[in-house]
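The following features are taken from TrEMBL:
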- 1-26: region 'Disordered' (REGION)
- 54-80: transmembrane segment (TRANSMEM)
- 57-360: domain 'ABC transmembrane type-1' (DOMAIN)
- 107-135: transmembrane segment (TRANSMEM)
- 184-205: transmembrane segment (TRANSMEM)
- 211-230: transmembrane segment (TRANSMEM)
- 298-318: transmembrane segment (TRANSMEM)
- 392-627: domain 'ABC transporter' (DOMAIN)
Amino acid sequence: MSDSEGEGERSEPSEDASDEIEGRERGRIAAAAEDERWPLLSLLRDGGRGDLRWVGLGGISSVGAQFISNLDMFIIGLAFDAMFNDRAYALPLVPTGWIPSEPTPQLGFTVALLFGLKLVDMSLGILAEYSFFLFAQRTLHRVRVDAFDTVQRLDMGFFDTQQTGEVMSVLNNDVNSLERFLEVAPNLGVVSVSMIASSLVYMALLNWHLALISLAVAPVLIAVNHWYGARHEARNDDVREETGVLNALLETNVSGIQTVKAFGGEGHETDRVERQSAAHRTASWRANLVGVRHQPSLRMLAGAAFVATLFVGTEWAINGRFWFLPGTITAGELVPFMYYTQSLVLPVRFAAWVTGLYKGANSSAKRILGVQRIEPPRDDGRTELQTPEGRVEYDDVSFSYPGTDERVLRDVALDVEPGETVGLVGETGAGKSTLLKLLQAYYDPDEGTVRVDGHDVRDLSRASLRRSIGYVAQDPFLFTGTIRENIAYAVDSATDADIEAAARAAGAHEFISDLEAGYDAEVGERGVMLSGGQRQRIAIARVLLADPPMLVFDEATSHVDNRTEVLIQRSLEEVTAERTTFVVAHRLSTVRNADRIVVMDDGQIVEQGTHDDLLARDGKYADLWKVQVGAVDS
Ligand SMILES: Nc1ncnc2c1ncn2[C@@H]1O[C@H](COP(=O)(O)OP(=O)(O)OP(=O)(O)O)[C@@H](O)[C@H]1O
């Protein structure tokens, strides 16, 4: 069966895309939770904490509603036999004195009873929907926020190796798939099971021999449902995986659109997206094929049971006996019985649907859990860094990025006094930025120790450490919002005067004032309407307003012209005078006045001293300087 099915599944989308899916290694996110047996249950147990009572209430109400809803045919059967076949009219739990003995009052009694039961059924149904909905929404909210919080707290090593589009896919698509499941499946699952259970109970009460015959097909039904369920899960894993890869591709292409255009790469990029979209379409097609066959197969089996019951029951009613079956069966028993047999089809279809949703949600839960399990961040340090003096020590530090063998830092030893300004220079890839990432504890050294005020940074709470260090990157990120909001990002209580003072010190006030909306100008999703130099100055203002005891400028003025840089440096002199400051720069004039210049080469410190010292030494720094001032050819 699987062979022919496999061929059918590949017939729609292209062969290439199909092969691509087969060949692809399961992504790191999904693989991280591969050994989790019940990912969805684990996730809901944590996400649903405190609200499980709503599932209990919903479940009880739903079961009650189904048993009551399904009771009507049972009562109608008894009433018909009483009215037309002169049988005794007796109902469980109803005192016999309440039931009339003449046909017309019996009809009135039956109608009133059925109407009353419908009212109870409706009330319980509303209560069930309400309870399940409440559980779903609260749980989903918690799972979404928890997942986002987990992603945010992951080590930088995770983001280095995981494409942001894929992470977004977990936060968006996988959480949405969980939403689709939670909004429908718990109630529908209970409804299906209790519809089946109530039908079985009433069938058994009507005629348990015939009930057993109708149920002969049940084991086959369960086995087929299980088989399809397993296939659903495997196929859904592929779909989620392909969605993640596609999202990552779309995300990088849109954010790198300028480069794509510059190289005229639109056609090439469209081809790449087309290939990945085809792989996604193949995965979805194959997953849908399972769904397309699942329900009809179950319906066919349930239909077979119905036809068999119809044959046996009608033969039995006509002849007054059937083969070895004892006793007789009346029309008043057979008609509701057939109804119950037929009413098993709908919940079986529901069950197939719920199984599909469950398997989809299970794949998503696996990825959400995977994000939590992949490289969990090391425990946060316990020591809070309070108003540090700013002494920084690198004690024979060596480091390779996670997952790589290349030593990016080798035996780096550096002591920086409080208040000192250190310029870091060296060729590209020498390890300057990496040195500062270790100071902020984005990564831990493989050997040696980085200390701030004598504390190993691993022992410090990351939040208190990073609050103490103002960091400006070469391509700073601006948040969607106004310039004012961006500058005041870390200081809720900042006044307009504070914001302006910070902007002046960063050399940003002038160009901000020239903008029509001034400080209220929106900077768009990634600050696109500002130049690189303007964005850098806003980022410097943001750090100055936060007023941290230590500063790190990593090529922070590389996009501004020489004149503006000199102006910024002058206004920063006062700010940096008392604080430990690191300045990474390729333009050596930026660090010329630093208290000390540290020259790095291939992960090592090769020289250090003041500008004049280093020039006098006539080593690496002097070479770099000569190249920059044009004294020698590069
Ligand atoms: N996240 C990362 N994962 C793996 N390797 C990395 C990562 N970041 C940097 N590297 C590698 O580490 C080395 C040092 O990089 P680093 O950014 O520290 O150099 P740099 O001196 O700051 O260079 P530049 O002046 O170009 O900014 C380089 O070889 C680089 O390829």
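Placement of Cβ uses the backbone N, Cα and C atoms for every residue, glycine included.
What you are looking at is a predicted structure, and each value in this text was computed from that prediction instead of being measured.
For the transmembrane segment (54-80), the residues of the chain that approach it from at least six positions outside its boundaries are 48, 87, 89-91, 106-107, 110, 113-114, 117, 120-121, 124-125, 127-132, 134-135, 138, 186-187, 190-191, 194-195, 197-199, 201-202, 205-206, 331-333, 335-337, 339-340, 343, judged by C-beta separation under 8 angstroms.
Cβ atoms under 8 Å from those of the transmembrane segment (211-230) belong to residues 200, 203-204, 290, 293-294, 297-298, 301-302, 304-306, 308-309, 312, 337, 341, 344, 348, 351-352, 355-356, 358-359 of the same chain, restricted to positions at least 6 beyond its ends. Beyond the transmembrane segment (184-205), the same-chain residues lying 6 or more positions past its ends with a Cβ under 8 Å from any Cβ of the stretch are 55, 58-59, 62-63, 65-67, 69-71, 73-74, 128-129, 132, 135-136, 211, 214-215, 336-337, 340-341, 343-344, 346-348, 350-351, 353-354, 357-358, 361. Sequence-distant contacts of the transmembrane segment (107-135), counting only residues of its own chain at least 6 positions beyond either end whose CB sits under 8 Å from a CB of the stretch, comprise 48, 51-52, 54-55, 57-59, 61-62, 64-65, 68-69, 71-72, 75-76, 79, 83, 98-100, 182-183, 186-187, 190.
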